[in-house]
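Feature list (source: TrEMBL):
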- 129-249: domain 'RCK N-terminal' (DOMAIN)
- 21-41: transmembrane segment (TRANSMEM)
- 53-70: transmembrane segment (TRANSMEM)
- 82-106: transmembrane segment (TRANSMEM)
Amino acid sequence: MTTTSDLDRVGMILLRYMRRPLFVLLFVYSLGIIGMVLMPGRVVDGETTHMDLFHAFYFFTYTATTTGFGELPNGFSDEQRLWTIFCLYTGAIAWFYAIGSLINLVQNPHFIQSMEGFRFARKVRRNAEPFVILCGFGDAGSLLARGLSDHRMRAVILDVDPERIKALGVRDYTVAMPGLCADAGAPKHLLAAGVEHPACRALVTLTNDDDTNLKIAVMARHLNPRLQVICRSTSTRHGGTLQALDNVTVVDPFAIFAQLLYWVIARSELHNLNAWFVGAPGVTLGSPLRVPQGEWILCGFGRMGHRIHRCLHDHGIGVRVIDPGEEGEATETEKDPVLAQADHSSLEAAGIGDAAGIVAAMNRDADNLSTLLSVNELNPDVFRIVRQNSHENQVVFDAARTDLVLQHSLTTARRILKLLISPLIQELIDWLAQREPNQTEALVARLQVAVGDEPPHLWSVRLNPDEAPAVTRLLSEEGVVTPGALCRDARAFSQALPCEMLAIRREGQSIMLPDADFPLAAGDELLFCGVQAAEPMLQATLHNPYTLHYVLTGVDPPRGYVFTWFADRFGERCRDNTSDSRHPRT
């Protein structure tokens, strides 16, 4: 079976709708022109004149369209004028019919969809910059697109909701982000979005249906096995299937929510560092949240509530559960879930008076906000963490009296953005989560010295001839380059750049927080964190051999043939004088 392109479909629809009007125009023009040729004209010198084909076509061209009138090349006879009246009316009617058919065509939804698909595929084909395919433009997809735009990375967006694609057209992104209203689960739409494009870096599935996300991930793996796929999944069954696929990263928003909640309660320094890395508003490095110790109350025992309860229970944190749903399940806590709404009586029964904190984790924002009002009346000193489900309710949550708002779409977008922009940073956070808290505190102290009060700037460098030619050349000559030397300020040898090397990836292995004297190798991927101005200064060291020589030795070598020649001659003379002084003449 032959395949058709978007342009072929546009042409097919155009011919199908305009075939009859074109035939009508062709018939009217042919009849009018032939009639004008056959109609007898005026008698000149005893002979009846006739109009030739060229003048008949010329006359009918401006007459049928009612753009003008004139008896050319000679005055008309009565027969020709009668035929002209017929041609005028039939031509105008034919043109009105053709124009009306054309208007109906451009308003046809199938034609509009085909044209949008053709223009969308053409934009993707002509794009030469690296881009990401984003399937789903809901809250998480919109936030991820904004983050990609801030990092000047392009995205190609697919969504089945036409209103979301219309909203995409009015966003003020810094880079081009074409979108198409289409089912991302259809292979033809993935191909149009550039799943096989050489510049495509990753595919992210963020639809609200786990089955659709699984389908898209499987399709992408077959169409382009080398492509990195990041898939959102809240189902344990789908998550296991996706994890079995190669080059597929599963992002579970409920698991992320539970992990962040545990960090807030038990690893506040790590939560503060992670929030500072992602640029969360109002976060100051080294100023973590102070959370009281004790038992917690969990309002909501759905899928997210189960993840939160399991995570806190596994780490020895007591949890009392209030489940407003009708179906409650037994928990591993000493107290059974309170099957009721999170009102005054339920909160008092759960022990709100002596609880350390409360988590409002229901799937409706109105219920979570209502719970906050009750908590503020019963125990205003309790630590309050609330789940935000919809991004459009941000203003209300900002005005609510709460200690921490966790929006799962925002946390999901931030996690995926880290995987796309700086995947090593998430590995570093996970590595610190498995270590003692003092390592996190030591890293925070180093970053405070390097960055200060400036916002963090993360960037990666690969030691190859394109990104670090000077370093690569030195390493090929068996030279030694260390993180401490690279992070040295080329303007002052005794000072360091305002940045820190956080991680190294070498041959698939990650080295976290390398020592200052750790020897680097060609092909290493380096992750840096510092101020914005540190990156161009580091780029000078990576590209300029003279700058690299200075940060390694503290000696500024001469540049140019003349200065090099003078330096060599002066060096030889100094060596000769030194030799003479050691061996005096007798």
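Each Cβ is built from the backbone N, Cα and C atoms, and glycine gets one as well.
What TrEMBL says about a protein is an automatic prediction, not a curated fact.
With helix defined as DSSP H, G or I and strand as E or B, the domain 'RCK N-terminal' (129-249) counts 47 helix, 27 strand, 47 coil.
Among residues of the same chain six or more beyond the transmembrane segment (21-41), those with a C-beta under 8 A of the stretch's C-beta atoms are 48-53, 56-57, 59-60, 64, 74, 76-77, 79-80, 83-84, 86-87, 90-91, 94-95, 97-98, 101-102. For the domain 'RCK N-terminal' (129-249), the predicted model reports an average pLDDT of 91.
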